[in-house]
Amino acid sequence: MRAVQRPLLGFLCGPWLWVSLAQPPTRPPTRQSPVSPTLHFRLAGYPRKHNEGRIEVLYNQEWGTICDDDFTLANAHVLCRHLGFVAATGWTHSAKYGKGVGRIWLDNVNCGGHEKSIAECQSRGWGNSDCSHDEDAGVVCKDERIAGFIDSNVIEAEQNQVEELRLRPVVSQAKRPLPITEGIVEVRHKNSWAQICDENWSGRESRVVCGMLGFPAERKANRNFYKLYLQRQQHNYHLHSVACAGNEVHISTCSFEFYKSNITSVCKGGMPAVVSCVPGPLFAAGNAQKKRRGQQQQQGQQRVRLKGGAKVGEGRVEVLKNGEWGTVCDDRWNLLSASVVCRELGFGSAKEALTGARLGQGEEGHQPDPLCRGSEKSLWSCPSKNITQQDCKHSEDAGVRCNAPYMAYETTIRLSGGRSRFEGRVEVAVGARGNHTRQWGLICGEGWGTLEATVACRQLGLGYANHGLQVRCCRRCRFAAEVKLACWEGHMTSYPAWPSTRWGRMGPAQGEAGAHC
């Protein structure tokens with residue numbers, strides 16, 4: 001699985017082609033992929049043409065993507081016929097058309113190319129995948145329609161869908177710290193960014209936007225300041241009349257209207273939507289971070305945690321009850337419940353609700369099986385049913401991938417001298433972000449081990465460390481890190497944030513610190 005850092009939330013937008021096709025009963029399905037009465041398919045992503053894009057499937061009333069593992073042209077042939085094209089001319093991997101949201105419905109799909117339905121192809125089964133949305137598959141169909149193909153559910157190419165969103169701050173880049181918590185809400189429209197009219201905009205819509213950007217909560221922005229600032233500028237509006245319930249994990253599931261391209265975009269009596277978000281304790285800057293961590297300590301021991309994730313904000317969900325940690329059963333696990341966990345832990349809404357112990361099996365017993373509405377402050381506030389070990393095995397442990405704010409952690413650390421980008425000496429940058437005088441230095445290896453290397457690997461988006469290295473050399477280490485703590489068992493997000501790290505010049509020590517991710 002591939003991990004990619006992006007400067008802001010990176011879901012691409014574009015027109016969707018949506019069709020439905022009844023499943024033919026002529027062939028028995030494989031045991032992995034039982035036949036559904038009706039499947040729907042669409043092409044999504046941007047930039048793309050009408051006959052290409054990320055392939056998405058509506059199964060069990062939920063849209064999802066297909067993983068690119070073992071994907072072939074034969075698979076693309078079957079999918080293109082679902083979409084009304086005669087054949088495929090190619091396929092894409094690694095989320096070329098942007099990352100989808102929600103479930104990854106199929107993985108390791110193996111078609112012969114002659115099947116009438118993707119459900120007839122071998123796979124790991126519906127919803128059983130070990131992929132992330134970085135591996136979403138796409139198809140390129142031959143621009144020739146099947147003769148007589150008619151489908152009433154085709155969405156015309158003129159209708160767009162919002163997938164990528166950002167906050168544009170008004171404070172200059174040199175003065176603002178990361179993460180960006182406040183600014184003008186913008187959505188990608190074709191090759192540019194456009195604003196949202198704030199007509200009827202409320203805290204519910206702000207909550208959804210903040211969740212997408214990795215923040216657990218919203219706060220009221222100084223609208224008068226922005227109104228004065230924005231009245232001297234021209235605006236390009238793309239959306240208006242956005243209405244959310246507040247528990248949505250993505251703005252695309254809210255109701256809204258597009259401005260038509262043939263009329264002048266006007267926001268009557270309003271201005272561009274502005275949002276201010278509250279960062280979680282892990283991402284708050286300076287004194288705010290200390291204050292929020294102090295509040296957490298006063299509230300007592302944390303009762304929910306994530307374990308087994310390779311990146312920050314993902315893992316198997318574990319809860320503390322009667323002094324014992326246990327896992328959560330995936331029987332009723334969904335994005336709403338997963339988002340409650342993410343926000344409770346200081347992240348945003350959930351990108352994925354993982355089932356089938358995709359992030360490893362727990363060792364302790366199971367705890368109550370929750371079903372949340374998405375507005376709860378804690379997983380413990382959700383209605384639940386008691387289960388036993390017989391009701392739910394650890395092969396059904398639930399997991400989550402949460403939206404986390406962009407912190408540019410990967411720009412302050414690098415691996416050098418290795419045989420690949422996954423290994424090498426660990427070098428860290430000392431100096432302010434954007435400062436051209438920042439220096440790169442080595443870390444002396446005294447006290448360096450696998451847990452410390454894991455923090456470095458996670459900071460680079462490379463997952464866990466196989467092991468930490470002490471590279472012996474004849475040079476002098478330019479900087480030193482005296483590590484006294486195990487860094488939260490390797491769960492720290494950023495190497496420079498270690499409280500026990502001491503920077504300065506040192507002579508030769510136990511070699512230089514290295515990592516194999």
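Cβ coordinates are placed from backbone N, Cα and C, and glycine is handled just like the others.
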Could you tell me which of C13, C141, C197 is bonded to C80 by a disulfide, according to TrEMBL?
C141
Looking at the disulfide bonds in TrEMBL, identify which of C67, C111 pairs up with C121.
C111
Would you mind checking which of C13, C131 shares a disulfide with C67 in TrEMBL?
C131
Rounded to the nearest Å, what's the C-alpha distance separating C111 (disulfide bond) and C80 (disulfide bond)? Just drop the number here, would you?
13
Looking at the disulfide-bonded residues C80, C131, C141, C372, whose Cα is closest in space to that of C244 (disulfide bond)?
C372
Let's see if you can do this one: DSSP helix, strand and coil counts over the domain 'SRCR' (167-278), in that order.
21 helix, 36 strand, 55 coil
Across the domain 'SRCR' (413-465), what is the average pLDDT of the model, as a whole number?
84
Whole-number Å value for how far C67 (disulfide bond) lies from C121 (disulfide bond) (Cα to Cα):
14
Which ones are near C254 (disulfide bond): of the disulfide-bonded residues C80, C141, C372, which have a Cα within 10 Å?
none
